[in-house]
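Please read the structure below before turning to the comments.
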Amino acid sequence: MVKIGVLGLQGAVREHVKSVEASGAEAVVVKRIEQLEEIDGLILPGGESTTMRRLIDKYDFMEPLRTFAKSGKPMFGTCAGMILLAKTLIGYDEAHIGAMDITVERNAFGRQKDSFEAALSIKGVGEDFVGVFIRAPYVVDVADDVEVLSTHGDRMVAVRQGPFLAASFHPELTDDHRVTAYFVEMVKEAKMKKVV
């Protein structure tokens, strides 16, 4: 069984743990740097990206997270997690982890009162997935090797680049675990490659 960490500094941690377990993997809430060595993949949950960055800095997580990204182990960022993974953020000089060759606009769908749900078609996952968007970012631009998995209107809301997966929405806030299951499969495949 693969072991998937959920960065436990802030955000929808419990919901991700439940979704990982429902997808047949072991979930670990990561609160200490050394726990990164024990896991096969990592979820960066949605929350408030500025607060999350402050906590990442406070607990000296940034370099270990960048090292984890370079190790080739899969990472999945939802909402604020997508912002953490992006190489370029509109209106900001520096990236956070910067592992994905994508450009992201924060709060692109508006403030909290503009939160909404939308039925999405997600490549590799299926149709009619209910995307919960809460002050969501979206992907403005991608490198050639980034696969766009889903759009809402003309906006890219789910993308994959090798071992990295990012979504504007909160898949953990529904009882539909297909997006998490897709990430669990990515982690299993990556672990199999390491074994071979």
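Heads up, the Cβ atoms here are built off N, Cα and C, so glycines get one too.
Going by Swiss-Prot, these are the annotated features:
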type	residues	note
ACT_SITE	Cys79	active site, nucleophile
ACT_SITE	His170	active site, charge relay system
ACT_SITE	Glu172	active site, charge relay system
BINDING	Gly47, Glu48, Ser49, Arg106, Ile134, Arg135	L-glutamine binding site
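The record gives Gly47, Glu48, Ser49, Arg106, Ile134, Arg135 for L-glutamine. Within 8 Å of the mean position of their Cβ atoms, the other Cβ atoms in that chain belong to Gly46, Thr50, Cys79, Ala80, Ile83, Asn107, Ala136, Pro137.
Fewest Cβ neighbours within 10 Å among the recorded positions Glu48, Glu172: that distinction goes to Glu48.
In this structure the C-alpha atoms belonging to His170 (active site, charge relay system) and Arg135 (L-glutamine binding site) are separated by 11 Å. In the three-state DSSP scheme, Ser49 (L-glutamine binding site) is classed as helix. Look at Cys79 (active site, nucleophile): DSSP puts it in coil. On a Cα basis, Glu172 (active site, charge relay system) lies 12 Å away from Ile134 (L-glutamine binding site). Less than 8 angstroms from the CB of Arg106 (L-glutamine binding site) sit Ser49, Ile83, Leu89, Ile90, Gly91, Pro137, each of them six or more residues away in the same chain. The record assigns Gly47, Glu48, Ser49, Arg106, Ile134, Arg135 to the L-glutamine binding site, and the maximum Cα to Cα distance across that set is 12 Å. Of all the recorded positions listed (Ser49, Cys79, Arg135, His170), Cys79 sits in the most crowded Cβ setting, with the most other Cβ atoms within 10 Å. Recorded residues Gly47 (L-glutamine binding site) and the residue listed as 'active site, nucleophile' have their alpha carbons 7 Å apart, per Cα-Cα distance. Of the candidate recorded positions, Glu48, Cys79, Arg135, the one lying closest to Glu172 (active site, charge relay system) when CA atoms are compared is Cys79. A distance of 8 Å separates the Cα atom of Arg135 (L-glutamine binding site) from that of Cys79 (active site, nucleophile).
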